[in-house]
Amino acid sequence: MSYIKKLRARLDSGEISAVELTKEYLAKIKEQDKRINSVITLCEAEALKEAEDADAIISAGKQGLLTGIPILHKDLFCTKGIRTTAASKMLDNFVAPYDSTVTKNCKDQGMVTLGKLNMDEFAMGSTNEYSYYGAVSNPWDLERVPGGSSGGSAAAVAAGFAPISTGSDTGGSVRQPASFCGLTAMKPSYGSTSRFGMVAFASSFDQAGIFGHYAEDVALMLDAIAGECEFDSTCVGVKQNHFTQDLEKDISGKVIGVDESLIKDLPAQIQEAVSKTLDNFKKLGAEIKSVKVPDLKEALSTYYIITPAEAAANLARYDGIRYGYRNPEARDLDELYRKSRTDGFGAEVKRRIMIGNYVLASSQYDSYYNKSQQLRKVMTDQINQIFTQVDAIFMPASPSEAFKKGDKLDPVSAYLSDIYTIPANISGLPAIAFPIGFANNLPVGGQLMAKAFNDNILTQMVVQYQKHYGIEEFILQQARI
């Protein structure tokens, strides 16, 4: 099941041209995004030019799988000649002089960039309420959040503004929004995709990810954007068909680990969806094995010490001098720094910078940052030990369905919504979220996590799951939004 392959067939048969397809999506964005606020920058002229180029390639019979396929990018991937804001006043007028590796790889495949997507400022948030350009609405219920930080990426695909979108995942920022919006999304193994040209939040956690309706589309796109990059020393590269190599194989004999203690306190409807999902995996031949994962609250605390520290270092570059917002009223250098950063950053970003600088202070370093790094290593070892017994670990993607805007403005309450997704980021492991049911008529997602660079096991398992148990109910309901 693949939207990309369906669109490929329509384009290759001449049923529709790339320009016509692009115009359809652009028109839908212009007509409907006023309610959702998922797009920061619409790239109409650029998209139509790229679509014309794609049509010429198709006419010459030289097209690839992705030639002419429209895509939307989270607005932290640099796009040459198009502004890249990271949803911050600090970068409101920043036009990137180069393409990120992710966007370049998409362009090289002949894809059509429709626009840049809203997000939590500098990817710091779980609700997409922390954006200089306003909150994003969940297409399933406009009063609710789409999740974050890649809320615009999830909302746009759920609303039908593009068949696919890019996102980034530092602590669950593709998987939690996918759960809230009824989509499939994947954070690949750390190092499988390049971070070059991706606005940094926490460099040892950040990883590009993909949103789509179907796991097959997510796998196809990850194959397209993954690979070695000379500009990112952490990018180890993966073989060409790393994510798609086993999609057609059944999953009989695969072992899925489940920690029951993570499920027993969930709302009843989510517990029911989880139970049904595990039963379906058993029907496909998988074995369910009881395991014990590391304490998730400890993982959450570790994450919210290390990532602010990395953020404080990464965001030190925004000083009002080299690029970004500059306060026009500053009278001296100190005032320029202070006013530019005070005005240019939003409240959540400033909160995390302050936390980061505090834990990095010489008086606190050993008590907080150093101990958190030690705990990160211990947790990674514990999780990897589980994979000596199982092929994948299953857990919910979020402890709840999408909540209403304003319900979790308390930072700690919002941070807890990442509790199931953070372990994969702490340990650099691949994880995929996919729809498993409904709670209060809103979608909820499950999550599978695998050993590092066993990404193909995850895509295989979810492709086979969706092949036999489908997600058409999610697609049909979204079509009526």
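We number each residue from 1, going along the chain as drawn.
Glycine too: its Cβ is placed from the backbone N, Cα and C atoms.
Record features, source Swiss-Prot:
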- Lys74: active site, charge relay system (ACT_SITE)
- Ser149: active site, charge relay system (ACT_SITE)
- Ser173: active site, acyl-ester intermediate (ACT_SITE)
**OP:** Going by DSSP, give the three-state secondary structure for Lys74 (active site, charge relay system).
**Re:** strand
**OP:** Determine the Cβ neighbour count for the residue listed as 'active site, acyl-ester intermediate': the number of other Cβ atoms within 10 Å of its Cβ.
**Re:** 36
Original post:
Which chain-mates of Ser149 (active site, charge relay system) that are at least 6 residues away have a CB under 8 A from its CB, listed by sequence?
Top reply: Met119, Asp120, Ala123, Met124, Gly125, Ser126, Asn128, Ser168, Thr170, Ser173
Original post:
For Lys74 (active site, charge relay system), which residues of its chain lie six or more apart in sequence with Cβ-Cβ distance below 8 Å?
Top reply: Lys116, Leu117, Met119, Ser150, Gly152, Ser153, Ser165, Thr166, Gly167, Ser168
